[in-house]
Amino acid sequence: MNSSKSPGLAGFGVLKNSTCHTEKKISVFFSIIFMTAGILSNSLAIVILMKAYQRFRQKSKASFLLLASGLVVTDLFGHLINGAIAVFVYASDKDWIRFNQSNILCSVFGICMVFFGLCPLFLGSVMAVERCIGVTKPIFHSTKMTSRHVKMMLTMVCLFAVLIALLPILRFRAYQIQASRTWCFYKTEHVEDWEDRFYLLLFSCLGFLALAISFLCNAVTGITLLRVKFKSQQRQGRSHHFEMIIQLLAIMCVSCICWSPFLVTMARIGINEGGSKETCETILFSLRMATWNQILDPWVYILLRKAVLKNLYKITSGCCGVHVINLHMWELSSIKNSLKVAAISESPGSSRQINLQPLSSMGQ
């Protein structure tokens, strides 16, 4: 057990020297709640996506549905696999020495933690780029963003996340059992080797890069939709603009709030050359915050739809005593029609008569 070079006993030194003590009942409760909530919400999102794909087979919507499906499927398997391993660890009283002699379970757990952590962030940034292209360059989007291209992007994103997760294994650097003895990840205690710091910083930098791309693309998309809304004198398409803006704000807020603590914590551990000062309670709290992002993803991307926003608008207006008027603006929220509005309003050589005809035809 004292041999730190043995790959089968990697991380067992943490078990002996760890000063982190977590209450078992509370930890098991959190794991079961997170796992159940994630499975239920993502399963419901998958059902809604399947029905939406069968009902709307528009080309402009196909790429979004495929990317959203990849996101919720990834989140679902993340909760299933990571949650099942975590519950098994708790059920075994966190006795890693008994059931992890060859370090296989810890390696699988660490690979899954990295993969299912980075892959949703990457997919979120790809979805943001796809929406930005669809709104700002609708003609390019309709001709180049085919289902085959979207499937290729999904495959490349997954392969890249797998490569990052397998990088320590390929470098013969085993994943470590963390101080709480409940999960495996990169080495986070007494990090002095440059390679251990590199993995932590790589994970943090890739996560922050994905969030930055999502934030930038969503901001451009929101500004473009607002410009189209204010330029247009007609009321058609406003429901889709409002729906998209609300979704973009929710996506940015949820992703940044949930992932920033964990990414910042990993970055601070990687930068601190003299050893980390982060406590295992801080790391566990940031990890649970990141887990909430995978629970809230389907609700933000799929379930925050026009019907929900319409009902919330009615309830809020009724509570505030404001008379609800012009609700017919919610009736048409087709992505195809919205892209037509964006394309026509951004055309430099189009006349006012050409702009008014498509707008009036969409209201019919």
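Indices start at 1 and increase along the chain as displayed.
Cβ atoms here come from the backbone N, Cα and C positions, even for glycine.
Unlike curated entries, TrEMBL annotations are predicted automatically.
Over in TrEMBL, the protein carries these features:
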type	residues	note
TRANSMEM	26-50	transmembrane segment
DOMAIN	41-301	domain 'G-protein coupled receptors family 1 profile'
TRANSMEM	62-90	transmembrane segment
TRANSMEM	102-129	transmembrane segment
TRANSMEM	150-170	transmembrane segment
TRANSMEM	198-226	transmembrane segment
TRANSMEM	246-271	transmembrane segment
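Against the transmembrane segment (26-50), the recorded stretches 62-90, 150-170, 246-271 differ in Cβ pairs under 8 Å, and the greatest number is found for 62-90.
Against the transmembrane segment (150-170), the recorded stretches 62-90, 198-226, 246-271 differ in Cβ pairs under 8 Å, and the greatest number is found for 62-90.
Note on the domain 'G-protein coupled receptors family 1 profile' (41-301): mean pLDDT across this stretch is 84.
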